[in-house]
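Q: Just passing along the structure, written as structure tokens.
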């Protein structure tokens, strides 16, 4: 039996393996589970949670998300002839659902739960700053909202990753202009540059003393995982899809994520393979992942639902009750987001494609981005 590569698995499913659908929704639910202690008991309990044997699993969730994203976004880049289409597709995926979630939080949940008079609420500077979340400038506070929660004041803590997602898209855009589709070595080189930069920048910031990471991995580590995902895509026919490699990668990733002294760099490098390996499996699609993607909505609405639950039902401030109640509620809102916001927004893809064709026509070019070189080892 011939050995399968990541690319072989991707091709066998016509580029749409069901494993990625399950991976994304599982990771989104895992984010809610990760926040269950914080929203139920507060910052001290959350800090203690990150000091338990669960730490490597908790720290792997977001790098897995970014690794999967990098792999799938690289595949999308291969279908684009210009950055107009590439960034247009990314904007369609990110901003409509984000903007609606921000508006609902600011204009519905905030007024219902604020301790301020509505006139004071709607004229407070925090209210206007919060609206900037819709364009990726992240602010966590709404005036007078969730002040007495175990995690006080914070409305959408999970949004801290959004700027790093946008930075990763920007980095991929730069790599595309540099020719990563043809010169795929640029992917691994960008990973090395980012690791070295972050390591020495952190040393410099802390007076040339290595300060261990406590809690989740830093944002730049997420970018590293995203660029590793991109690199795995461009080397997909050279990288084996094997269970033995998967288990070895899982062990290295967990050991790395458990360590506070630089191990997260190894974890960020290896975790994407684990996530992409699972994403390339092909279990039967159930209705929850068939022709729909609720993962982004679950991610967007999870934390504000958890905070609302903690504020309105103090007796429910138990981590497992938090999960049992808030995951279904987030899934309901995610379904509404998909069917009424995200899927309708996909109609804008035709406009983006038209803009790309118009640009190519007026510039008399067939493409701007370098075309991919043959990826197979035998090509």
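Backbone N, Cα and C atoms are what each Cβ position is placed from, and that goes for glycine too.
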Q: Match it up for me: which of 34-53, 294-313 does TrEMBL list as transmembrane segment?
A: 294-313
Q: Which range, 241-259, 355-373, does TrEMBL list as transmembrane segment?
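A: The listed stretch tagged transmembrane segment in TrEMBL is 241-259.
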Q: Taking contact to mean 3 or more CB pairs closer than 8 A (sequence separation of 6 or more), are the transmembrane segment (319-341) and the transmembrane segment (265-282) in contact?
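A: As far as Cβ distances go (cut-off 8 Å, pairs 6 or more apart), the transmembrane segment (319-341) and the transmembrane segment (265-282) do not touch.
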Q: Please report, as numbers and ranges, the same-chain residues at least 6 past the borders of the transmembrane segment (56-74) whose CB is under 8 Å from any CB of it.
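A: Apart from its flanks, the transmembrane segment (56-74) reaches 20, 23-24, 27, 30-31, 34, 49-50, 90, 161, 164-165, 168-169, 172, 216-217, 221-234, 253-258, 264, 267-268, 271-276, 279.
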Q: Taking contact to mean 3 or more CB pairs closer than 8 A (sequence separation of 6 or more), are the transmembrane segment (94-114) and the transmembrane segment (294-313) in contact?
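A: Yes, the stretches contact each other.
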Q: Against the transmembrane segment (126-146), which of these stretches has the most C-beta pairs under 8 Å: 217-234, 241-259, 265-282, 294-313?
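A: Selected stretch: 294-313, with the most Cβ pairs under 8 Å.
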Q: Looking at the stretches 158-178, 217-234, 241-259, 265-282, 294-313, which one shares the most CB pairs under 8 Å with the transmembrane segment (185-205)?
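A: Per the Cβ count, the answer is 217-234.
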Q: Pairs 6 or more apart in sequence, C-beta under 8 angstroms, 3 or more of them: is that satisfied by the transmembrane segment (265-282) and the transmembrane segment (158-178)?
A: no
